[in-house]
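Enquirer: Copying in the features that Swiss-Prot gives for the protein in this structure:
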- Ser76: phosphoserine (MOD_RES)
- Ser176: phosphoserine (MOD_RES)
- Thr180: phosphothreonine (MOD_RES)
- Thr183: phosphothreonine (MOD_RES)
- Ser390: phosphoserine (MOD_RES)
- 1-411: topological domain 'Cytoplasmic' (TOPO_DOM)
- 677-691: topological domain 'Cytoplasmic' (TOPO_DOM)
- 736-746: topological domain 'Cytoplasmic' (TOPO_DOM)
- 794-803: topological domain 'Cytoplasmic' (TOPO_DOM)
- 412-432: transmembrane segment (TRANSMEM)
- 656-676: transmembrane segment (TRANSMEM)
- 692-712: transmembrane segment (TRANSMEM)
- 715-735: transmembrane segment (TRANSMEM)
- 747-767: transmembrane segment (TRANSMEM)
- 773-793: transmembrane segment (TRANSMEM)
- 804-824: transmembrane segment (TRANSMEM)
Amino acid sequence: MSEARRDSTSSLQRKKPPWLKLDIPSAVPLTAEEPSFLQPLRRQAFLRSVSMPAETAHISSPHHELRRPVLQRQTSITQTIRRGTADWFGVSKDSDSTQKWQRKSIRHCSQRYGKLKPQVLRELDLPSQDNVSLTSTETPPPLYVGPCQLGMQKIIDPLARGRAFRVADDTAEGLSAPHTPVTPGAASLCSFSSSRSGFHRLPRRRKRESVAKMSFRAAAALMKGRSVRDGTFRRAQRRSFTPASFLEEDTTDFPDELDTSFFAREGILHEELSTYPDEVFESPSEAALKDWEKAPEQADLTGGALDRSELERSHLMLPLERGWRKQKEGAAAPQPKVRLRQEVVSTAGPRRGQRIAVPVRKLFAREKRPYGLGMVGRLTNRTYRKRIDSFVKRQIEDMDDHRPFFTYWLTFVHSLVTILAVCIYGIAPVGFSQHETVDSVLRNRGVYENVKYVQQENFWIGPSSEALIHLGAKFSPCMRQDPQVHSFIRSAREREKHSACCVRNDRSGCVQTSEEECSSTLAVWVKWPIHPSAPELAGHKRQFGSVCHQDPRVCDEPSSEDPHEWPEDITKWPICTKNSAGNHTNHPHMDCVITGRPCCIGTKGRCEITSREYCDFMRGYFHEEATLCSQVHCMDDVCGLLPFLNPEVPDQFYRLWLSLFLHAGILHCLVSICFQMTVLRDLEKLAGWHRIAIIYLLSGVTGNLASAIFLPYRAEVGPAGSQFGILACLFVELFQSWQILARPWRAFFKLLAVVLFLFTFGLLPWIDNFAHISGFISGLFLSFAFLPYISFGKFDLYRKRCQIIIFQVVFLGLLAGLVVLFYVYPVRCEWCEFLTCIPFTDKFCEKYELDAQLH
């Protein structure tokens, strides 16, 4: 075996080029003097200091790292599902996604709900408030390495300050604390070993560009005649610094030119820090380079105590998200620096572009959304409270923003549907009252009459209520068999059962009417069995009839033959599609010219036998093929969409969520888009599209269901319930971040004022307050169940699990109760209309009675 290995080694040596030289150092065993707390380093670059450059050195990995990892048993499907469910709800014990969510929540809170507590400002690095963290004040234990390898004992970072610098109330309201010093283009071991380091809190990777931004850039490139691919590469080649997305992952992010600004003189240090913006495009001066070269030579001085104010003031020119923080006038004179002695190890050769990477990345870092301090928080001037636990702070910093895919998709659908609805159905009269149209129209009696058409005006600049119902608005008679509408249709059919054909004496026409409407002097009312033309059924004359242009004796399709004879009740007769005798039957009701056919008018299922001119004027649905109103189903015509499974029983329950994508007009759609691009988009960046989509849709469905119960005869469109459900998320977010806000009650009353204003605005027509109330309540339950939040200990984590179960059960109970009230035990509320529309005038609110004269 050894001979074969020796042969292979010799063959490899023969193939080695003569210019290649291999120098493999031998492994040096670790001495017994090493401390027990020595931690293995996976990156050799961590051994570099920010202070003084030295030669490159390497540390051999411990022997236990060379061992093969212990095999672990694969997790079962049950454990995987359980762990995934816990991660999704945010109650996992060791979930990185949960920590990211919690850190993001705190960032959102700092933007949306006002100022944080000063303790939070000291332990949190929130770019939205321009504050500086003082949390990297704990000095970690020094790193001991083998003396035979590196020739040194320890590396101590002087920037790692201890707890002695902490003061409980040094940060007053309105003032921001200075940043933890982060040397541009350099890092130390302490910066990475301490969990509270300022460098540790830098964002991992910037998000990709949005689709809209890339589309606009591609369109601009095409307009200029350039290729999209060339434009992208050309922009990437013009970078003067390392992209931020590769700062921490592809490299170890350490400078090629090690910074010695901590040991420089005060004048040079101030000049260096004040010229950071110029270094992006200009080279440093020769004097500064000479001073930097002289600094490592003075390495035999002993260290002294560092003054906290002087240390923090020297770093006030670091870029803080957007802009620069300048030194205040009248500051105390700097104390003289004392040289420190520190042995450092350099690990790599010079690398261009790294010196300015950290400050530029800090300057152009994308703004995150702190938990509880989003867009609404910026408008209401919220901040965190003074003190907050470091565990909560770490949860905030790990949060990453989500892409608002659901918001963009919803906005596109709303815009497209609104444009199509306005283009197809037109725009109704604009206003707050009722619009009346009067004209002279030929009716079924053969004479012209002045008729009036009443229509509710739409101040949203959009289609009429009839058109919105046809598009899929929330309308109870289309979703269930409404008792009042069904009773109204049955009474109309009962009257039609006793009607007959009224034939005018001058043979100008005939129409199906009641005896009261047929003139006894100018026409003949052909009523069976009184009239001699009555047919027989089962050996006796029929008791109901006649029907204009329909008789069982002359109809071939469908024919009235035993055992399929037409029933006695004319309201159950089918539509005759083919007659055998034509217009010469010697029956007066068959040989006349019919002047009226069924027309469905209004939105309550009212049918009237009239002329086509009158039907068109009243915006009805004229049925040329039928002769009786009982042969048509007006509710099917009014509702549109998919036909009912049973024509007598409406079943379009899908209107509960279909109406969420409709709007009453252009202004209504613009209001929804503004809400979605501000509040909804802000929340989706925090919680993700799946959670926000669940809350949005379920809140809207619950709100529409409650509105269908209490306002059954009113057509409603728009995501009113969904929007109030999203507003409820803001309240839940405020409650969850109550412990870290400086003035939570002020934020609560501001949110409450916004909700009360929107509720008052819902007293206008076409705005449903029942959907607002139900959507808000359901949004509260869903937000407590689906939105993870910041945990303040193990007890809080267990409470969250109980909270998820309880609020899910409560929401399901609320939804089940509303379903029972809608389908099983329908209720009628007379005064509920005043809760959603106050009639300031007689024509301000739309009428909902089932009177035949109202439409």
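Every residue number used here counts from 1 along the chain in the order it is shown.
Positions of Cβ are set from backbone N, Cα and C atoms, glycine also.
Looking at the shown structure, what environment does each listed feature sit in?
Expert: Spatially close to Ser76 (phosphoserine) yet at least six residues away along the chain is no residue at all, judged by Cβ distances under 8 angstroms.
Helix first, then strand, then coil: DSSP counts for the topological domain 'Cytoplasmic' (794-803) stand at 10 helix, 0 strand, 0 coil.
Below 8 angstroms of C-beta separation, residues 105, 108-109, 112-113, 371-372, 376, 465, 468-469, 471-475, 603, 659-664, 668, 672, 675, 679-680, 683, 687, 692, 695-704, 706-707, 741, 744, 747-748, 751, 754-755, 758, 762, 766-768, 771-780, 782-784, 787, 789 of the same chain, each at least six residues beyond the ends of the transmembrane segment (715-735), sit close to that stretch.
Counting only same-chain residues 6+ beyond the ends of the transmembrane segment (773-793), those with a CB under 8 A from a CB of the stretch are 89-91, 98, 101-102, 105-106, 371, 389, 392, 395-396, 687, 691, 694-695, 698-700, 702-703, 705-707, 720-729, 731-733, 736-737, 739-740, 755, 759, 800, 803-804, 807-808, 810-811, 814-815, 818.
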Enquirer: Where else in the chain does the transmembrane segment (692-712) make close Cβ contacts, counting only residues six or more beyond its ends and a cut-off under 8 Å?
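Expert: Long-range Cβ neighbours of the transmembrane segment (692-712): 406-407, 410, 474-477, 479, 482, 655-657, 659-660, 680, 683-684, 719-722, 724-726, 728-729, 768, 770-779, 782-783, 786-787, 811, 814-815, 818-819, 821-822, 826-827, 829, 832-833, 836, 848.
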Enquirer: Restricting to the topological domain 'Cytoplasmic' (794-803), report the mean pLDDT as a whole number.
Expert: 81
Enquirer: Using DSSP, how many residues of the topological domain 'Cytoplasmic' (677-691) fall into helix, strand and coil, respectively?
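Expert: Once the DSSP states are binned, the topological domain 'Cytoplasmic' (677-691) shows 14 helix, 0 strand, 1 coil.
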Enquirer: Kindly report the helix/strand/coil residue split of the topological domain 'Cytoplasmic' (736-746) according to DSSP, in that order.
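Expert: Residue counts for the topological domain 'Cytoplasmic' (736-746) by secondary structure: 7 helix, 1 strand, 3 coil.
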